[in-house]
Structure formats: structure tokens, C-alpha cells
Amino acid sequence: MGLGLGVRAAPFTYAAHALAVAAAAMVLVWAIYFRGGLAIEATNKNLIFNVHPVLMLIGYIIIGGEAIMVYRVLPTSNHETNKLIHLVLHGIALVLGAVGIYFAFKNHNESGIANLYSLHSWIGIGTITLYGIQWIVGFVTFFFPGAAPNVKKGVLPWHILFGLFVYILALANAELGFLEKLTFLESSGLDKYGTEAFLVNFTALVVVLFGASVVVAAIAPVRLEEPQGYVPIPEN
């Protein structure tokens, strides 16, 4: 899957780590400072909703991105160890994403708001479903019980391609989520040029840059002299 990009993966993994920290800090500032905090149960239902963007960004997008980059961040480590870390991080991202979606439903149900009426919600449900399927297929094929070597070799390119597709879809839906929430807030009187509006927009931009860094890191070689036919993620 080497694409001859002429760049190494390392600079993009470093950029992704830095952008991940920035995005996590920004969404926490938004949820806690501007939106009043986080709560599992509260009379102010907005505090329940605030759990949703925090878990979806930090759990689903960031941890999911780190899972994708495991083979690039630790290229000289034991492959079985990398595979386990890759699997576990994706599992954590999947669980946190599902919990984040649960809190969106919880907020809607307790606030009398309809569910699944927006494009953001439709894509969100579709994406988490595809993410779950990808994780299960990866677990069965590459981890336990594990497929035959020739099957792994045939599945691997599709596993990589489908995984990146689902991740890019999740990134696009995160952008829809930022846009939808900010539009609701502005229609309720939030200053369109105020600090909070700028924070949300800049957070969304940082997420785009983070996602782009993850994708490039995933397809770029560890070393520029990789031979033709190089596959970024090992086959076994």
C-alpha cells in the first residue's frame, strides 16, 4: 500500500500527537468552561449532552487515530505486541464512542428532543456500526482464532482500506456535529463572533488537521527507501 509519497511517517505521527493534545484540551475547555461541565445525571440536561462531544472526540476520534498509528509509532517493536495494542485501542475507541452516543440519546430522551432526525445522527449510527464490524472482523482474522496466512494476506489490504474509510467518515461526521451544535447555539443567541464560537470552529479545524496527519502517517513509509510493494502494516 506504499504510495510513494516521498515523505516519512514520523513527522506526521508527531504532528498528530500534538494536535490530539490540543483538540482534547479545546473540547474540554468548551464543555467545562463554556457549557457548564459534564454530568451523568443532572436537572440541567445540557450537562448530560456535554459528555457526548468529549467522549466522541477524545475516545472515538483521538484514541481511534492513535490505534491506526500504532504500527507507525512503534515500527521496531514486536509485531504481536503492536497488534494487541492496535486491537485494544480500537476496542476502547469503539466502547467510548458507543457510550458517547448513548449520552446523546439520554439527553434527547430526557429533554423531549426527537432522536435520529439529522444527517449527523444517521451517519453517526452507521459509522459506529461499521467500526464495530471492522473490529470484529479484524479480531477474528488477525487475532483469535486467526485466519490462515494466505487469507490474512488477502484480507489485509481491504482491512486497511476499509478502516481508513470508516475513520475518515467518523472525522467528517465529527465536523457535522460541531457545525450542528454551533448552529443550534447561535440560533439560540450565541454571539457568532464570540469566543465560544471561535473555539468551536478552531477545535473543528484542529480535528481536521489531526485526522489528515493520522491518514498520511498510516500510508507513508517508515523509511523513504522502502522497496516497491511495501505494506505499511505488517501482514502477519
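Cβ coordinates are placed from backbone N, Cα and C, and glycine is handled just like the others.
According to Swiss-Prot, the heme b 1 binding site annotation covers His52, His120, on the basis of similarity to another entry. His120 (heme b 1 binding site): 20 other CB atoms within 10 A of its CB, across all protein chains.
The L-ascorbate binding site feature in Swiss-Prot is assigned to Ala67, Ile68, Met69, Val70, Tyr71, Arg72, Val73, Leu74, Pro75; the stated evidence is similarity to another entry. The Cβ neighbour count for Pro75 (L-ascorbate binding site), using a 10 Å radius and every protein chain shown, is 17.
For His159 (heme b 2 binding site), the number of other Cβ atoms no farther than 10 Å from its own Cβ, over all displayed protein chains, is 17. The feature heme b 2 binding site is assigned by Swiss-Prot to His86, His159.
DSSP assigns His120 (heme b 1 binding site) to a helix. Look at Swiss-Prot and you will find Leu116, Tyr117, Ser118, Leu119, His120, Ser121, Trp122, Ile123, Gly124, Ile125 tagged as monodehydro-L-ascorbate radical binding site.
If you take every residue in the domain 'Cytochrome b561' (15-219) and average the pLDDT, you get 96. Per Swiss-Prot, domain 'Cytochrome b561' is recorded for 15-219, and the stated evidence type is sequence analysis.
The feature topological domain 'Cytoplasmic' is assigned by Swiss-Prot to 1-13 (among others), with sequence analysis given as support.
Annotation comment: Swiss-Prot describes 35-50 (among others) as topological domain 'Extracellular', evidence class sequence analysis.
Per Swiss-Prot, topological domain 'Cytoplasmic' is recorded for 72-84 (among others).
The topological domain 'Extracellular' annotation in Swiss-Prot covers 106-122 (among others).
The topological domain 'Cytoplasmic' annotation in Swiss-Prot covers 144-153 (among others).
Annotated topological domain 'Extracellular' per Swiss-Prot: 175-201 (among others), in sequence order, evidence recorded as sequence analysis.
According to Swiss-Prot, the topological domain 'Cytoplasmic' annotation covers 223-236 (among others).
Residues or ranges marked as transmembrane segment by Swiss-Prot on the basis of sequence analysis: 14-34 (among others).
Through the fold, the transmembrane segment (51-71) approaches residues 9, 13, 16, 20, 23-24, 27-28, 30-31, 38-40, 82, 85-86, 89-90, 92-97, 99-101, 103-104, 107, 131, 163-164, 167, 170-171, 174, 177-178, 181, 207, 210-211, 214, 217-218, 232-234 of its own chain, all at least 6 residues removed from its boundaries and within a Cβ separation under 8 Å. According to Swiss-Prot, the transmembrane segment annotation covers 51-71 (among others).
The transmembrane segment annotation in Swiss-Prot covers 85-105 (among others), and the record cites sequence analysis as its basis.
Here Swiss-Prot flags 123-143 (among others) as transmembrane segment, drawing on sequence analysis.
In space, Ala67 is the closest of the binding-site residues Ala67, Met69, Val73, Pro75, His86 to Trp122 (monodehydro-L-ascorbate radical binding site), judged by Cα positions. Checking each of the binding-site residues His52, Ala67, Val73, Leu116 against His86 (heme b 2 binding site) by C-alpha distance, the shortest gap belongs to Ala67.
Proximity of distant same-chain residues to the transmembrane segment (14-34), defined by a Cβ-Cβ separation under 8 Å and at least 6 residues beyond the stretch ends, is recorded for 50-51, 53-54, 57-58, 61-62, 65-66, 69, 195-196, 199-200, 202-203, 206-207, 209-210, 213-214, 217.
A 10 Å radius around the C-alpha of Val73 (L-ascorbate binding site) takes in none of the binding-site residues listed as His52, Leu116, Ser118, His120, Gly124, His159.
Highest Cβ pair count under 8 Å relative to the transmembrane segment (123-143), across stretches 85-105, 154-174, 202-222: 154-174.
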